[in-house]
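All remarks here apply to the structure that follows.
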């Protein structure tokens, strides 16, 4: 034969050459080749056919690999349009993945993180990779297609490493609770905020010229005044709110001083369902702020009244009466996280999960649960400003009473009263349009399983396009690294565990006005 065997050629030729035809012999050698092949016999011809089959198989495999790596990119981009990346499950980290997808659906929280990191990450001594706010911001922006990545699945293990640096022992191989992780994140962000410098920057001329509390100046050893930083309330995260606690004596109607407590999420118990009637989110909120009687509370006013009725020589004991206590929402956050308590206990002390469906809606009016000061006007206010009840600390009355004739009350309605989510970016229901504290649903976290094991998934809105300011009406179902489109009716029929709402301005109906309200 006039050329090397195919097997020898294939060993000496580069791998890329396998995709092209082998070098052909001179024209005069064809006859000798044919004669030689006839002399080889059946076994030789079979061997040559196997060699040619091997070359064809290698070429086909390389062609398929090239197509997979470079060919379908445009198709994948077309398919991913409107979708978001999924998150890799690192063992049992579905609780973290579902929470991150829910947080990524809240634009106000991402904007706050961006502003927070730009102001304070240069003021701390820790390196940038140790900042929870920086790590969380990059991850949430990537989940909203704002980081320019083409990865369909992201790895959230850097977040676990940062939390461990904050001394949180979170294992990726043990099932955790998404609501508990939410409070771990918010408390760690507050710790990061509190570690910033406690004096005003020299280039902060406004704070130096007009200090908020000049009477509380701090003096160093040289007696040079160091002005305090502005109030930390200005840098609170968007989930931060305040509760008011009001107690009134049932005997003398004396009202104790108002107390304020902070919250990052509203943890609502699920009331017992009435036969034939569904449980609604409105009922859970009403149950949260319902009055309760507190017995054996010392009433200073009753003690004074009793002391005035007895001679001075006799000692006066503190009068204990029954007080009525009620909670109200003193400050509503920009982003509202609602936790539905699905843990209950059997008579034997075993944990049980409540699987009742709680009806919720796309829009949530919170005016009836808001604390208002006596004489405070109920006129509409912009969503990005605090009301007088949020700024004052004096006593006051309860919020507006519930109108029993309203057909819709935060989930207590039939589907005929639900505003179609695909036709209008803003609500058209009268209760919603007249609300001063209106919220829009952004994400729902659902837990499948029992109290001992299960899986978390998330329903969330698809991020709005870069050239579009209105909120997207496309909903997604996300389970770790699996992302698919879904419809809003599937979202409403889910058994919610965490609900993420974001405050909007209800009395505006034009896109230009909504863009101004969202700034």
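Cβ atoms here come from the backbone N, Cα and C positions, even for glycine.
The feature transmembrane segment, as given by Swiss-Prot for the ranges 32-52, 53-73, 74-94, sits at 53-73.
According to Swiss-Prot, the feature region 'Disordered' maps to residues 379-405, out of the candidate ranges 325-351, 352-378, 379-405, 406-432. For the pair residue 455 (active site, proton acceptor) and residue 94 (active site, nucleophile), the C-alpha distance works out to 6 angstrom. Around residue 94 (active site, nucleophile), the same-chain residues six or more apart in sequence whose CB sits under 8 Å from its CB are 455, 456, 457, 479, 480, listed in sequence order.
Averaged over the domain 'USP' (85-504), the predicted model reaches a pLDDT of 79.
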